[in-house]
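Notes follow once the structure below has been shown.
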């Protein structure tokens, strides 16, 4: 064999042997050069004597390649910079190519050498230019570094900008790499695709093989299971009558022996007689036709023949049990599922056979829905047979008596079970007191009347009536849980709910460690220095949501430069947003607030369970949240005296309003503060319905909202009259005077009361509570009602502070047509959550900043009397907490509504206004002009009749009330409805 192989080899010529040895020598040379260049580049030291570094000869050379290596490395780094590392990589590529082609003849083609050289030069030059553009230069490198890249890149950038120059040089790099290495990109992609397809085919083949093996194993297991079931079906089935009668046990003992492996709570249990497996039941039902059941049968299953848990689909079961007890007999009507058995094995039931002492029950969970539902009426007119002495002599236990009594009065609805492949084990938690539907043999036995004087022969077998189909009742839909009506606990009246109703705060995780804060401070200084701003970080204040860095600017640097760099700082520090605080009161530093990686949730209990909140004497104290340093922030609504809240959807505005309302509920009783809630969205404030603080039900109809605001104006005027008569300046002084009079035993009478008769007595003055009007969505109310609401709100905001009436207006549309100048001028306290633009922030706060907030409770709070907002992270309140507080207040009292609040007086006022304006001597002339010219313009009437603007406006409104002109549209125009006058 070896001789045949040697004879087949072709002799290699001497010339070919020389070429092969030359290529092997070339490979060794390239390997040595590659290693040499790696060594000199790795061990390069700029201080070594070299081309760009002059030094004494006595200086030791650190380079591993000696003085020659230092010179080579210095020249490469000075010429192409970082791309000097590509040079040994290219040598390695060429070494591999020569090694793979070592048996091919050497061809020295000058054109090929020129092309490869051009490719090499293009590759190195373009790579050096890319290194210059992307600033790949170490900080401690030579001055003359990447000379070629700096020259070429500088020219390219000046002509094409950095993006265009990068694209051009990258294309040149790819062309040079292809030309030098002779690499075909298309062949490379084809090979990648080929190997990917081969890998995919192998994975798919392995997956199919595993699936096939699993299917074969499953089929083999199924065959073995069928063989076992056939062997079990071949065994004879023993009759129930041949077995020894066990003693009856109590109902609780029966429950202990019941099967707890499957089934639903409150389901009747059905037992089968000596059934070996569920599969045998199914086969028996399939082989034999279904016949009407001659009598109710309740059977047992031997423990040894207990079937293994199977995941058979549970079918629909509609058990109906109805038991009535007349005076002379007991009728039992049972409709359930029965299993078809041979006629030879079917026997009539007796009380002695209905025992469940041993073994266990097979519940209806393990039965199959194959037999029709039937209703069996069994009338038992005779006492129990004497053949069952245990039943006749033994008195039923307490458990069985209870079971029989509850079963006699029980009506079990039909139950429709949905299809499921596996049923959970719910009998494991079964309790006798909560599962009255478990129908067992002992239940029937306990329900039979037993007469000791009756002989054995006097007992007849149960009479079975004709089988009638049971009516199918669908499963009733579970209704929503009805909240029980909360009753008032007189022992709690006048007390405040405990703070334990609120959720306790979780453990606070540290946002940044001290080392991380130092690193961030250094990064902030470095980034600002890159933008030409010299700063120094003076202090750091970490908070629950944001961390503030207070920086000191170098002399001559304006704060506006820092503000304009906010987005650039956020980008360079990889933050979602950075907020610049230009002025920090009492400090000369500038604040830069950056968001924390792990935000902390501030609970309401962390704010109101603090001395800052508890020490406030005002009944309308508000807990807002925590500031950037984690300190609680509270406010007094009486000093605001009104609050404007605005923010986009999802910014935490509604949660903030709920936190303010709960702050009032934890601080004051209904005698101290009352609420009027206006909820146009019918979702946010309806949860507070029924608390004793409400003056009226939560208003959802905007016409009623206008009436409520109008009532507030009237109440404000009434309170001012009372305070003027009492000689006090505000509500606190009025209540103090009332308190002193009551303590002295001389209550004050109402000085503004007008007697209807001489015998009338004026009512006694009582303490007046503070009234807080909460409007959840102010924009919707203005959209529905119109500008009339704006006038009412402006009037309340102007005068109601001393009268103890305060407004909390919230809106998610902070536009100038909603938050008008009239409202802003009278509501100096604002609260801005996250908004979408700087324009919206200026609409709320008259300055920017709200667009840089983080949402979810992050807000800017602008108190009255200052122009510097405070950043606060609002307290979080869950719906469960609100429900608990509302239920607690419902236990402390019922609401005392004032019906006049929601009753309007628009019709009477409009009628009075119409009658008054129609008395104007120029009204008829104005009507004639409007109907003739078809122009319902106030200015036109003013010019035509030469009257004042207010008089012309009143006449136009009188025409609107009379039906001459229509209502004003959104642009103020009106349509003339009345026909033109008839001309003579």
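Cβ atoms here come from the backbone N, Cα and C positions, even for glycine.
The transmembrane segment feature in TrEMBL is assigned to 26-44 (among others).
Per TrEMBL, transmembrane segment is recorded for 68-93 (among others). Remote same-chain partners of the transmembrane segment (68-93), defined as residues 6 or more beyond its termini with a Cβ less than 8 Å from a stretch Cβ, comprise 30, 33-34, 36-41, 43-46, 48-53, 61-62, 120, 123-125, 127-128, 130-132, 136-137, 141-142, 144-149, 180-181.
Counting residues 6+ beyond its ends, the transmembrane segment (113-134) has Cβ neighbours under 8 Å at 79-83, 86-87, 90, 146, 148-150, 152-154, 156-157, 162, 165-166, 169-170, 172-173, 175-181 in the same chain. Positions annotated as transmembrane segment by TrEMBL: 113-134 (among others).
Residues or ranges marked as transmembrane segment by TrEMBL: 167-188 (among others). For the transmembrane segment (167-188), the residues of the chain that approach it from at least six positions outside its boundaries are 90, 93-94, 97, 115-116, 118-127, 129-130, 133, 152-153, 156, 160, judged by C-beta separation under 8 angstroms.
Taken together, the residues in the coiled coil (208-235) have a mean pLDDT of 82 on the 0 to 100 scale. What TrEMBL records for 208-235 is coiled coil.
What TrEMBL records for 384-406 is compositional bias 'Low complexity'.
The region 'Disordered' annotation in TrEMBL covers 384-409.
The domain 'FtsK' annotation in TrEMBL covers 630-842.
According to TrEMBL, the ATP binding site annotation covers 647, 648, 649, 650, 651, 652, 653, 654. With a cut-off of 8 Å between CB atoms and residues at least 6 apart in sequence, the same chain places 833, 834, 835, 853, 855, 856, 857, 858, 859 near residue 651 (ATP binding site), listed in sequence order.
With the fewest other Cβ atoms inside 10 Å of its Cβ, the least crowded of the binding-site residues 648, 649, 654 in this structure is 649.
Taking the mean position of the Cβ atoms of 647, 648, 649, 650, 651, 652, 653, 654 as the ATP site, the remaining same-chain residues with a Cβ inside 8 Å of that point are 812, 833, 834, 855. With the fewest other Cβ atoms inside 10 Å of its Cβ, the least crowded of the binding-site residues 647, 650, 652 in this structure is 650.
Within the same chain, residues at least 6 positions away in sequence whose Cβ sits under 8 Å from that of residue 653 (ATP binding site) are 645, 646, 647, 810, 812, 833. In the three-state DSSP scheme, residue 654 (ATP binding site) is classed as helix.
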